[in-house]
Structures are given as C-alpha cells and as structure tokens.
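Novice: Sending over a structure as structure tokens; questions will come in a sec.
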Amino acid sequence: MADGVSVSELVEKIRLDVFYGDELLEQKKVTVSDISRPGLELTNYFKFYPHERIQLFGETEISYAKDSMTKDERTKIYDRMADVDTPAFVVSRGLPIPEELIQAAKNNQVPILTSTLPTSRLLSNMTNFLEDRLAERDSIHGELLEIYGLGVLITGDSGIGKSETALDLIKRGHRLIADDRVDIYQQDEQTLIGEAPRILRHLLEIRGVGIIDVMNLFGASAVKNHTEISVIVHLQNWDKDAHFDRLGNGEQTRHFFELDIPKITIPVRVGRNLGDIIEAATMNFRAKNMGYDATKVFDRNLNELIKDNSQK
C-alpha cells in the first residue's frame, strides 16, 4: 500500500478548488480511501469519529448545521472535527461554507476544498481515485496488451519471444500497455489492473533492434496507460514429455492478491505463429465468457455420436 496521497495531488486529479490552506496541501496526506460524511458527529457524538478520513459536506450536512444548530454548537462541533490527522474538509455543490467551519479549519490547520459537483458524484470520484492510488502494488515480468478489448498478460521465461510477439500483435492493431515490467494492483474485489512504470510507458525493447517508442511509430491508438487484466497467456518451451491441454477443458489460474486470474499455457516451438495463436486464444476466452464453449459442444456431439453408435 502507498504511504499516502498528498492533498495537493487530490486537488489536481479531482479538480478541486482550494478555499483555505494552499500551504498545507503538500504536507497533508490521505491514508485511507474511505470518505466520511458527518452525521452523528453533528449531534456531538464522536465515539467512532473517523478523524483520519476526508470529511465531505453536502447539502444535507450544511443545511442541518444552519437550521438545527446554534452558532456555539457549530463552533464546538466543527472544532472537534478538525483533528490534526484530518486531511481536509471538502464542500460540494459550491455551497456556502459556514464561518464556524472556516475558523475551525484555520485554528487546526485543516485545508478546505470546494467543488461544484453533486455530493454523490464527488464522493465517487474521490473514492475511485484514492482506491487506485492507495492499493497494494506488485510488479511482474511480462507483456500486457489489450487484445479485442481484453487485457492479456503474456508471461514466460526470458528470451522466449514475449516482446517480439507483442510487436506482432501491435502491428495487427492491438494495444500495448506495458513491456517487460508490469505494475499491478487490485482495484476492487473482482478487478486486477495492470500498467507500465512511468519511465517505461509506451516503450518496447526488441533484441537486436533496441528500444522503440510504440506511440511514435504506430500512433496513439497503439498504446494505453492501463487496463484490467482478464486472462494470462503463459508461453512455455515445447517439451514432448510435458502435458499440455489439447481440448481446452483444463482450467488454470494464477493468484494475485485476492484474485485468481484465468491462465492459458501455450507451448512454443519453431514454426508456430504466436500472434495468431494468442488472438485465437483471446477470442475463445471471450466466447466462453459469453456462454459459448467449443469444448463442451465437442463433448456433447461426441457423446451423442457414441450413443447413436451403441444403439445400432
């Protein structure tokens, strides 16, 4: 997990306006992705107050404080909410900011940020950004491409031809996300995201050629910054004694964080066109996800044939 996201980065990415605390933005860190909307705190119940979270004020919170609380109550409550660990107060919808909230923020060095977005949309935008930035990360060796809209992670031993295969797939119109090193993180309970380290973004290394800039050579449509990893294609040197799945009914997976990602192992030997094979494997994987499994159709037809022959 990242050490924290500066409030300055949050302001830049979510396009927030700074009402107070420009000088505090770099030093204030957000360490959790959850956003708090004050509820019971406005009634002076602070037993479970999440002081380490961003505090988001929408129309409900601002209206309640204005209509149901006295000036002294607002001063007391807001001052308790402005904890030293609180990253920021955020006010949505361009709502007027209570004077007591401004004073509490100044007294306790808590930035005040504003946005014209509706509260629910602003909450979603901030949560999604923070979940991505604060997620646990890992790096793996391989190529990540988007093939027919699916994120395909190509793995295999060094020198087996992963980069050359990636180049072939790029020339066929597919997109490169990462070459050689892929940074991965779990976005949510069902999604694994892969991206390239910033210094390697859009670059591809080919032995004997060197490093090429894919975006400059093939255009912006040939690259993408990140994608969801849907399937792993593992390239393995051909071994006549090794067992390879011939029917496609053997399910393999590889575990990352809390997720098991489907895996397809492809034997590699001279004369096999890996670009064609990986395209076919990706299309077949997509077809299975849409409910059509060629292996099951073959099994059904075979069983029917055996049944018919046994009745003769």
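Using N, Cα and C of the backbone, Cβ positions are placed for all residues, glycine too.
On a predicted model such as this, the values are computed, not experimentally measured, just so you know.
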Novice: If you look at how Swiss-Prot annotates this chain, which of 75-80, 189-194, 267-272 comes out as region 'Important for the catalytic mechanism of dephosphorylation'?
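Specialist: Spelled out, Swiss-Prot records region 'Important for the catalytic mechanism of dephosphorylation' over residues 267-272, not the other listed ranges.
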Novice: Counting only other Cβ atoms and using a 10 Å cut-off, which of the active-site residues His141, Lys162 scores lowest?
Specialist: His141
Novice: I'd like the number of other C-beta atoms within 10 A of the C-beta of Gly161 (ATP binding site), please.
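Specialist: Here the count is 16.
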Novice: Quick check on the binding-site residues: of Ser158, Ser163, whose CB has the lowest count of neighbouring CB atoms inside 10 Å?
Specialist: Ser158
Novice: Out of His141, Asp180, Glu205, give those recorded positions positioned within 10 angstroms of Asp157 (ATP binding site), comparing C-alpha atoms, in sequence order.
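Specialist: Correct set: His141.
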Novice: Validating a neighbour-count step here. Other CB atoms within 10 A of the CB of Ile160 (ATP binding site): how many?
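Specialist: Cβ-Cβ neighbours of Ile160 (ATP binding site) within 10 Å number 17.
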Novice: In sequence order, which same-chain residues at least six apart have a C-beta under 8 angstroms from Gly159 (ATP binding site)?
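Specialist: Sequence-distant Cβ neighbours: Arg207.
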